[in-house]
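Chemist: Pasting a structure below so you can have a look.
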Amino acid sequence: MNVMSKIRVGATHLAALKAALPHAVLDEAWQTDTQLTITVKLNQLPEAVAYLYYQREGWLSVVVGNDERKLNGSFGLYYVLSMEGEEKGYVVVHAAVPEGKEEFPSVTPKVPACVWGEREVRDMFGLKPIGLPDERRLVLPDDWPADLHPLRKDAMDYRLRPDPVGDDETYTFVNDSKQETTVIPLGPLHITSDEPGHFRLFVDGEDIIDADYRMFYVHRGMEKIAETRMGYDEVTFLADRVCGICGYAHSVAYTNSVENALGIVVPQRAQAIRTILLETERLHSHLLNLGLACHFVGFDTGFMQFFRVREKSMTLAEMLTGSRKTYAINLIGGVRRDILGEQRTRTLQLIGELRVEVGRLVEMLLSTANVDGRVKGVGILDPQIARDYSPVGPLVRGSGHKRDTRVLHPFAGYGLVDLGINVGEGCDVLSRTLVRVAEFFDSLSIIEQALENTPAGPILTEDFTYQPYKFALGFTEAPRGEDIHWSMTGDNQKLWRWRCRASTYANWPVLRYMLRGNTVSDAPLIVASIDPCYSCTDRVTVVDVKKATQKTVPYKEMERYCRDRTDSPLK
Amino acid sequence: MFKLLKEIFRTGEATVKYPFAPLHVEKDFRGKPEHDPEQCIACAACTVACPPNAIAMATDTDAGTRTWSIDYGRCIFCARCEEVCPTDAIRLSTDFELAVTTKADLTRQAVFRLARCEACDEPFAAAKEVAYVQDLIDKTAPSANEAARRRRSVATCPACKRARDVATVAALRFDRQPEETR
Amino acid sequence: MSRTPTTDAFRPTSGITRIDTPADIASMKGALLKDIQRSAYVYRVDCGGCNGCEIEIFAAITPIFDAERFGIKVVASPRHADILLFTGAVTRAMRMPAVRAYEAAPDPKIVVSYGACGCSGGIFHDLYCVWGGTDKIVPVDVYIPGCPPTPAATIYGFAVALGLLGQKLKAETHVEGADERVAIAHPNVPYNLRVLIEREARRMAGYRQGGDIAELFLTLLGTAGTGTLSERMARHAGLENDPRTLEILERLKGVVTAAMAGAAS
């Protein structure tokens, strides 16, 4: 069934790792031509990950925990590295944590990018990362009972809803500054945002000294139903709902992971249609962000204009998929809708209109006085910080790193189209905005190319057999960067484990560094520039540590201050 | 500034007339799933396929009924039901005006009669489903005898079928010792 | 460590603080609706949705759909709100912030539950980290289904909430009639051949477009007409400009040819 050729991408990395750490490697296996999983000794896990990360140009994609006790008596840890040096592919470092001694050496002190992944493994599986400085919960809410780890197979039914342990929020926020600072909490409710998040800005006067944030207000437990209530073929519709904006990218990443695990060859036409829809999603997502960039610099007319034009991309999505969002188009093995003659003609027409209209709007935006002044040099993401934390998408490309999954690890139909990587060297909000503008026009061209050369033939294959306990990665370049899914099939037509890492998950940890040194009025703009779909600020409570007073500033006031920059609400 | 004004004048009125005039919706828009109960055989394929469990089937053996239901409030409009339906009894329309003030108005039900097993007379499957499958058998069976046999089989409940299979296998005496077979 | 929960533990509202409403809330709401007819201030409470709903609400207030035509304005604080719009399946972490937002809005207030997750928990309805819908934590006045509701559905829902338009949907129960029977489709085409054609059409163009094309093909195949099947296909309006649909129809013809050859051999 598995149609793997004899190509073994990652062999040089493996050889180098064996040379550097002679006794660390226990086992190795290729899941696909470009996916290698290396099993190492648990006590040498940090060295192995750090070696591949810094010496072999690896970037951390995701940390996966897996309860494999029923299969082999241990928990599995998988550190997925995207190798972006000479030999490009995915190398997964795997180590087994034996049942009964449920701890492992933390990789975070050596590779900071692992911090969220290891905190999540502790929450969900109860495995203790030894040496991880941050002991706070990441995913689970404050009212969740201690010592109940949802993803352990024997922990609980997926429907168990334990009574809240309390109605108070007990999360503590970290402030690294040495001086006295004022605290500004933002959130968790916002006027409109991707997900609720709670920010604390630590400020001295107008300057942000440090920042911390609590996310996962929307943790619903998707990974658990994917392995309990749902069949593996239903999870594509769940993956659509990981994110309401780049849901299709998740759906493709998920189907790819299962197709890779089972060795399913997806028809070329289905691949091309996936590519077209992924780029359609990028069109409306980037227009959303460009509109919001206008909004946050106080240029609301521009915001409304971008949203007006954005509706054309929504019409395109509705015509091609039957829905403006959450397309529900993927099945394992292909897609559910074809692009017939009339749709092809209308798509090309809409693409032409978008090119002209957005071209005019971008010109208008860039020639508007004070836009430049508000976005240039603001929210700097230092390239070295980026290297340490492995952020993705326009954020990392805006800081000069050439990271784009579509080019580095071609998937779906991207092998069939001509495509480059857009990078910016400014490292600031402007640089990221310009990267998005360039990508928008690239997307138009990709859709045209894919429509020009759409292969004939079927859009779905059902010529495969479900096999248990196979695993592999699936990946896409969502509008916000790489989405990566790790799926392992189980028995009974269900998944054993599904790990989904959204692009913004990889981008949050660097935000703290981007906020430092900027003024409070720029905070919403900087948060919006990582494109969490909207800046996560709503209700602003100001705590002045020196005076021990507290004052609540409404979000609108904060946002007004971001636009006008006069009459500071902090005075 | 000039460019902006030019753009505004060029655009003119962009707003749609809805709700004062009907809205143009794409032909294959996935709106409200329209269930045609007369065309439905209560086979439950849609209830199995529905990812959010918006479609459900409840069997009441005492009343001899099987009730199909859909909760439009839980529906994610993925059209898996339409995809798996063997009789085209459910299809997503372009209707999107679904808001209600009473939650009960979001559900729709269809009650079907259950057929009784030929052997034990217990209700076991929707009568329409049995009738539909029997019609299919008449069209596809290689001979009249075979058709009659299959029709009987379809009209028998799984428990009785198992019992009959056990009896048939016992009659074959497959567990005889080799000596006896000689 | 292992917990096998009783069904009681699944019950979504156990242990949640209940909301009290004033006794005369209905008449208060009636008065509110009369007062705010052309000026409804809306505050959004995201209780852990996927953000699809948020973006569609955004689309509803921007130029193409422009809900502000009707005086519907999204405001930044629950203190200013007449209408609270709850999205998401209510995650555990968002329960208290959402309840605080509800309590912060002045009485009387209209609560709108938005999207499949808000109405009933949607695809997440029985998960461990959600409570399964807006009405599990606060009383709801209007439900707007959709995943997500389109901007037009949003406008319609607001019109229903404000009493400007009546609701169309009604609870209905169909009871099987005495002589209800489902006929087999396309009786002139052999059943097994029909299955092959429908399967190939779905493989080529999916359940909807493929289904429609198969229907067209089977109708052409099952009814007598002048000329060969190819000629009749070619005569069908609009197909000359649609090479893809023609390709699919040719494939379906191939299925018929192969089946006939198989039957002959």
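Keep in mind that glycine also has a Cβ here, set from the backbone N, Cα and C atoms.
Not my notes, these are from TrEMBL:
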BINDING   A:E223  Mg(2+) binding site
BINDING   A:C243, A:C246, A:C533  Ni(2+) binding site
BINDING   A:C246, A:C536  Fe cation binding site
DOMAIN    A:38-155  domain 'NADH:ubiquinone oxidoreductase 30kDa subunit'
DOMAIN    A:297-468  domain 'NADH-quinone oxidoreductase subunit D'
DOMAIN    A:473-539  domain 'NADH-quinone oxidoreductase subunit D'
Chemist: With DSSP helix as H/G/I and strand as E/B, how many residues of the domain 'NADH-quinone oxidoreductase subunit D' (A:473-539) fall in helix, strand and coil?
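Modeler: Counting residues per DSSP class in the domain 'NADH-quinone oxidoreductase subunit D' (A:473-539), I get 23 helix, 25 strand, 19 coil.
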Chemist: For the domain 'NADH:ubiquinone oxidoreductase 30kDa subunit' (A:38-155), how many residues does DSSP put in helix, in strand and in coil?
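Modeler: When I sort the residues of the domain 'NADH:ubiquinone oxidoreductase 30kDa subunit' (A:38-155) into the three classes, I find 32 helix, 40 strand, 46 coil.
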Chemist: Report, in sequence order, every one of the binding-site residues (A:E223, A:C243, A:C246) having a CB within less than 8 angstroms of a CB belonging to chain B; if no such residue exists, report 'none'.
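Modeler: It is none; no candidate comes close enough.
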Chemist: At a 10 A cut-off on CB-CB distances, which of the binding-site residues A:E223, A:C243 has the highest count?
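Modeler: The largest 10 Å Cβ neighbour count belongs to A:C243.
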Chemist: If you count Cβ atoms within 10 Å of the Cβ of A:C246 (Ni(2+) binding site), leaving out that atom itself, what do you get?
Modeler: 30
Chemist: What is the separation, in Å, between the Cα atoms of A:C246 (Ni(2+) binding site) and the residue listed as 'Mg(2+) binding site'?
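Modeler: Answer for this pair: 18 Å between alpha carbons.
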Chemist: Restricting attention to the domain 'NADH-quinone oxidoreductase subunit D' (A:473-539), give the mean pLDDT.
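Modeler: When the pLDDT values over the domain 'NADH-quinone oxidoreductase subunit D' (A:473-539) are averaged, the result is 82.
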Chemist: Distance check, please: Cα of A:E223 (Mg(2+) binding site) against Cα of A:C243 (Ni(2+) binding site), rounded to an integer number of angstrom.
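Modeler: Their Cα atoms are separated by 14 Å.
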Chemist: My list of binding-site residues is A:E223, A:C243, A:C246; which of them have a Cβ under 8 Å from any chain C Cβ, in sequence order?
Modeler: A:C243
Chemist: How would DSSP class the residue listed as 'Mg(2+) binding site' in three states?
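Modeler: The residue listed as 'Mg(2+) binding site' sits in a helix per DSSP.
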